[in-house]
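As recorded in Swiss-Prot:
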{"type": "ACT_SITE", "residues": "HIS43", "note": "active site, proton acceptor"}
{"type": "ACT_SITE", "residues": "GLU70", "note": "active site, proton acceptor"}
{"type": "ACT_SITE", "residues": "HIS215", "note": "active site, proton donor"}
{"type": "BINDING", "residues": "ASN6, ARG17, GLY216, GLY237, HIS238", "note": "3-amino-2-oxopropyl phosphate binding site"}
{"type": "BINDING", "residues": "ASP8, HIS9, ARG45, HIS50, THR102", "note": "1-deoxy-D-xylulose 5-phosphate binding site"}
{"type": "SITE", "residues": "GLU151", "note": "site 'Transition state stabilizer'"}
Amino acid sequence: MRFGLNIDHIVTLREVRKTYEPEILEALFIAKNTHKVDLITIHLREDKRHIQNEDVLRLLEISPLPINIECSINAHITDFLCSLKNKPSKVTIVPENRNEVTTEGGLDCSLKGLGETIKAYQNKGIEVSLFIDPLEDALHFAREHQVKQVEFHTGVYANLHNALYSNANNQIHAISALKEKSPKELKEELHNAFLQLRKMSKEAFFMGIMVCAGHGLNYSNVKELLKIPSLRELNIGHSVISKAVLVGLEKAILEMAQLIKR
């Protein structure tokens, strides 16, 4: 299993104070020196709430690890990434809403301009991945546009798992809709969410599409996904950076790697 470490929230902490620390390159090399991280993931958002263009340039210039850049189909971002001398190893196209706290679901594949954006990156020799819900129509869209990788949105699975097996439902930011469900309902919906991820991962595999997954994954809910044989890559960020605040980045990475690289 490939481990993609999302380091957006290293930069979130920097941007809160508009200062120079923590240094994103230091985080990069801590990750590299664990020998457990396979790629670095960053999200270049339209509102630049964390990662900035300058961060992209610095990372691509010196990173010993492949860089996966998540972004919307915004034309300015597409033009910027396509113009780079040092190219990312892949671009993952994600939906984006300026009012969201984090990405809320997979891409709407009927989105105007999506096909053109995919082609723009492909014409520059940049691998494209689509961040999609585990749905058959989305997979067929990927295949029709010669997309060789997809990343399944695991938010539904992760939220259900957290509601059932952690104290998430008792926290200040608990999801209201999940608080109203019984443990039996949560368990059934979680089982169905897992089965859907497994089914669509298998279908993607037979289409010749590499399957990645991410969103909301943490030290508790990630283990079940290892039972999906066609799943090749997990992109995880917030939970690792959250633990790093308490135990240090190296230890947080190693603990996650121990779970997913068995």
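Even glycines carry a Cβ here, placed using N, Cα and C.
Locations of recorded Swiss-Prot features on the structure.
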residue: ASN6; record: 3-amino-2-oxopropyl phosphate binding site; CB count, 10 Å: 22
residue: HIS9; record: 1-deoxy-D-xylulose 5-phosphate binding site; CB count, 10 Å: 19
residue: ARG17; record: 3-amino-2-oxopropyl phosphate binding site; CB count, 10 Å: 8
residue: HIS43; record: active site, proton acceptor; CB count, 10 Å: 23
residue: ARG45; record: 1-deoxy-D-xylulose 5-phosphate binding site; CB count, 10 Å: 21
residue: HIS50; record: 1-deoxy-D-xylulose 5-phosphate binding site; CB count, 10 Å: 21
residue: GLU70; record: active site, proton acceptor; CB count, 10 Å: 24
residue: HIS215; record: active site, proton donor; CB count, 10 Å: 25
residue: GLY216; record: 3-amino-2-oxopropyl phosphate binding site; CB count, 10 Å: 21
residue: HIS238; record: 3-amino-2-oxopropyl phosphate binding site; CB count, 10 Å: 16
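Within 10 Å of the C-beta atom of GLU151 (site 'Transition state stabilizer') sit 28 other C-beta atoms, taking all shown protein chains into account. Only HIS43, of the recorded positions ASN6, ARG17, HIS43, GLU151, GLY237, HIS238, have a C-alpha within 10 angstroms of the C-alpha of HIS50 (1-deoxy-D-xylulose 5-phosphate binding site).
Here is what falls inside 10 Å of the CA of HIS9 (1-deoxy-D-xylulose 5-phosphate binding site) among the recorded positions ARG17, GLU70, GLU151, GLY216, GLY237: GLY237. Rounded to the nearest whole angstrom, the C-alpha distance between GLU70 (active site, proton acceptor) and HIS43 (active site, proton acceptor) is 4.
If you take the Cα of HIS43 (active site, proton acceptor) and the Cα of HIS238 (3-amino-2-oxopropyl phosphate binding site), they are about 12 angstrom apart, rounded to a whole number. Between the alpha carbons (Cα) of ASP8 (1-deoxy-D-xylulose 5-phosphate binding site) and GLY237 (3-amino-2-oxopropyl phosphate binding site) lies a span of roughly 7 Å.
Comparing HIS238 (3-amino-2-oxopropyl phosphate binding site) with ARG45 (1-deoxy-D-xylulose 5-phosphate binding site), their Cα atoms are 16 Å apart once rounded. In the three-state DSSP classification, GLU151 (site 'Transition state stabilizer') falls within a strand. In terms of Cα distance, the binding-site residues that sit within 10 Å of HIS215 (active site, proton donor) are GLY237, chosen from ARG17, ARG45, GLY237.
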